[in-house]
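Asker: Okay, handing you the structure first.
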């Protein structure tokens, strides 16, 4: 692209003047920055002997360059204050794009207008002043995005015209045709909370999908993570070579949602926002002030006068406005209606002495105050009062006219007319991309209003609240539109500002409000309300505030689910003394009269709960989480490659960083909380500024394998970072952040190092390795001080015991190591082992951390558990139950009051350590038996210490507890006639105990493998057992005699009694067999399924039985002919459970995908499919396998267990209620004969006695 002829002529025409005046060395710095001349060319010009010779050489070079060079030269003159010279070149500034015409309006073809209209790009304002130099700079940067994704940032102060400039830059045929053939898509952002941002992106995704075809339409994304992935797919796959314009970005965390490797133009006041995102970046600064001529041009356009015809006051007004486009526009709008008031408005600007709002602000507050006052004074009196009401708005919040219709008690149409007047006078702004339109004040206007009405703020906010209460007497809005969102989000804010304490108590201590706001806004907003307004609420009742906040903190992850859960049912799981429970019970009792189902958790008070908060931060496993040292923040990282920071009080996300190119394995705060370090499988170590979410250092070259762990020193006097990796030799390094390479490398380990940890005083660094040792290095010298051979403490097996981690006690005298299924405590000075904590052989220790303020030790396990131990007493104090997969990391807060844990289940949990009780360390196994007897509920189950417990179901109190058994208890049953119970063990032994004395009545030996099921006969004299050894045994347990039923080829997990004399058994071998209990004779042998039989049930009338199988079918059999009557196909996974209705007319089956099907026994036809609605994309239909099913006595209801408990309307196949346990994977549910009480145990050992609310 050669230099345009007009520009060439201009340079030649003014060549002599330019040679006389310019200093080329200053100008060339800017031109090199713009990339239009090279360093070599600059050096050649600098070698000229005099300044004038340099100027001559520069102009000679310019005449050989292109349009870009001319524009850069012009801009350099402006920046170096050669305004008179720049003005000479201005009229001949070239357009930069190919095929461009000088008149920008020529580029607004119908094609351009169509593209911009479809993408939501704003129209040109009525009063439009061209700024070609800025326009060319923006377009030049946009052309840089032609062949690669990246960011163009247009930045400047408020009111400087950034948005108009961005829209004008793309209003050009060449730009669209050459660079963005996929279209232009505009999104107005502003200062948004997460829910509002999600709504914006949902709207954009809908618009993009709608432009494709109807088949492309999906449900709106439910989270920002999901929205980001959806937008990434649309922009990269469906709209390649398109431009996304983000208008008015304030926050880097918002910007990172759009870090999706596409082409983005953004407008902002903050130049550094793009520091937090990846990709190519270009900037254009919009100068804060208009020059005098541009200001006069604006006034001329408003008053429809030529610049030469403006009165003498015009120039003075522009000077008084100090170049602010916003202020000039305000005065111009006034003069448009009152063109004879030039002198009046000039006097207003000069004479009004309004108080400065922020003297240090970069805004021109003097000019704005004066212009604002002048603008408001011309309003009619009644409209001036209405405008005053806008003082209560929050900054950068856009509201629909319907909110003001409520506030002003006017018809919406009348409100729209008034707002249009405000907009026309530049007193209000309108976002016309939304339907209905949204209105907002510029923050300078709002600051002015607040200052003017400071003494009336309380009464203005009171008016908002009282108008809302009048309009919504029957309850809050629930439509989900913009009006509804405003009231639900900001009602508490207005009440607090109005000092309406009683109204705030009534609202926030209401379960109805919690339900409404959680459903519309999500739980984080609510938790923040209780934190923010806690001081006000605590004056009324701090205990009730705490109860509501705790309810939300522990159930927030449930309240984010869709379909939205029943909040009343969730609240019924709160302690009976809680106000949350009291309100829930009242509502449940009221709703049961209309057919709703609700359930008390009867034994809730017996369950110790240390849980404080549950956060669901990532899609994917969370490998590391840590507290900031002041306890206010939590950082998390994991498989999703991101680093996230949250408030520890509410779980609100503060920061999200795309941190690495692979899984992020560890994160750690510095001692002053200003820095965060991360390390990754990508072999890199990175250090981030926490507040700005900005990358400060990358250490990428020294570790050659994945970096497993990182930790800063504990003391502020020296800031060092330690890292360890899977490298064979150079696997432990210490870094000084002021140096580009590591300060020291610790030698000694020749296998991967999993963990490193500074001693409390930073004297030593401990390292834990796959070589079975923990080494202690002196930090100052990097020399090895001593080695502790942890592996030698394990005598079993020949393999080296890998050491997962180590942690120091607070006094630095002991070091604690995790290896295999044990935690070992060593004396640092002598290396002697002081204590060994051995755990279940079925799980390994993943991590451990010693509390910095007391004797507690937290241990994380692969079997989903977190345990708290008292090191001094060598005693387990608590189980922190709740995680549903491997727990990777635990850490105490610096004051020891809280513990966090993170897991493969994608959650971070906070635990309150001051609630530690020994009883909370006891949990039950899922294999259980229950007796219902005249309102009494008796439960028997093994506990995690392998003792058999019998509990009172109503109180949870322990009625009987056996001594610890040497072999694992796998099944239990209670005798309904005698005070006895039986237990089957993994070694094949069966014991019968007297209850409650615990006396051993019988030991039955015969099975040689695990006993899987046991059941007393109807008279209590007979005990029947089945085993992994493929046999069934019928015992006369008091004498020890047994009859062996032998014939199955694989394990027999269960059986049923057909009568007092016949027994039905089924097995993984695919067969069903019928036996004579008396003789042991095999009466029938049926090859039922090709796959393993997983369940079987006999109809209540005895005419049929059903079998279900891993072959995805269920079969109905006749009990007389033993023939298959119907084969029921359709399940897409293993059919795990089955149950006949009590009238034997219906059959329910459940599969491993969570689907339940209802069948007709008469003809085998499918009646209903349950669970189709509300499937979570990351979960099965039922939260897991459907493991058990029961019909109510009247056959109208069905209860099922899986990941949670669901109750169904049999006729309609619709879910009536869901109970979410703390754990998952419910194995069985015991149901009382009247269908009022339900008993089950979850995967983490919590017992649930649920009773229907009546």
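Every residue, even glycine, has its Cβ placed from backbone N, Cα and C.
According to TrEMBL:
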- 3-92: domain 'CARD' (DOMAIN)
- 657-698: repeat 'WD' (REPEAT)
- 746-787: repeat 'WD' (REPEAT)
- 880-921: repeat 'WD' (REPEAT)
- 1004-1045: repeat 'WD' (REPEAT)
- 1045-1085: repeat 'WD' (REPEAT)
- 1086-1127: repeat 'WD' (REPEAT)
- 1128-1169: repeat 'WD' (REPEAT)
Asker: On the 0 to 100 pLDDT scale, where does the repeat 'WD' (1004-1045) sit on average?
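Answerer: It averages 94.
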Asker: Helix, strand, coil residue numbers for the repeat 'WD' (657-698) per DSSP?
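Answerer: Across the repeat 'WD' (657-698), DSSP assigns the residues as follows: 0 helix, 24 strand, 18 coil.
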Asker: What residues in the same chain, six or more past the boundaries of the repeat 'WD' (1086-1127), come closer than 8 Å to it by Cβ-Cβ distance?
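Answerer: Same-chain contacts beyond the flanks: 1050, 1054, 1056, 1058-1059, 1064, 1066-1074, 1133-1140, 1142-1144, 1147, 1149, 1151, 1159, 1161, 1163-1164.
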Asker: Using DSSP, tally how many residues of the repeat 'WD' (1004-1045) sit in helix, strand and coil.
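Answerer: Split by secondary structure, the repeat 'WD' (1004-1045) comes out as 0 helix, 24 strand, 18 coil.
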Asker: Can you work out which residues elsewhere in the same chain, 6+ from the ends of the repeat 'WD' (880-921), have a Cβ less than 8 Å from its Cβ atoms?
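Answerer: For the repeat 'WD' (880-921), the far contacts come to 557, 607-627, 629-631, 634, 636, 638, 646, 648, 846-854, 856, 858-862, 864-868, 1222-1225, 1243-1246.
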Asker: Any residues 6+ beyond the ends of the repeat 'WD' (1128-1169) with a Cβ under 8 Å from its own?
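Answerer: Result: 1091, 1094-1101, 1103-1104, 1106-1110, 1112-1116, 1175, 1179-1195, 1198, 1200, 1202-1203, 1208, 1210, 1212-1213.
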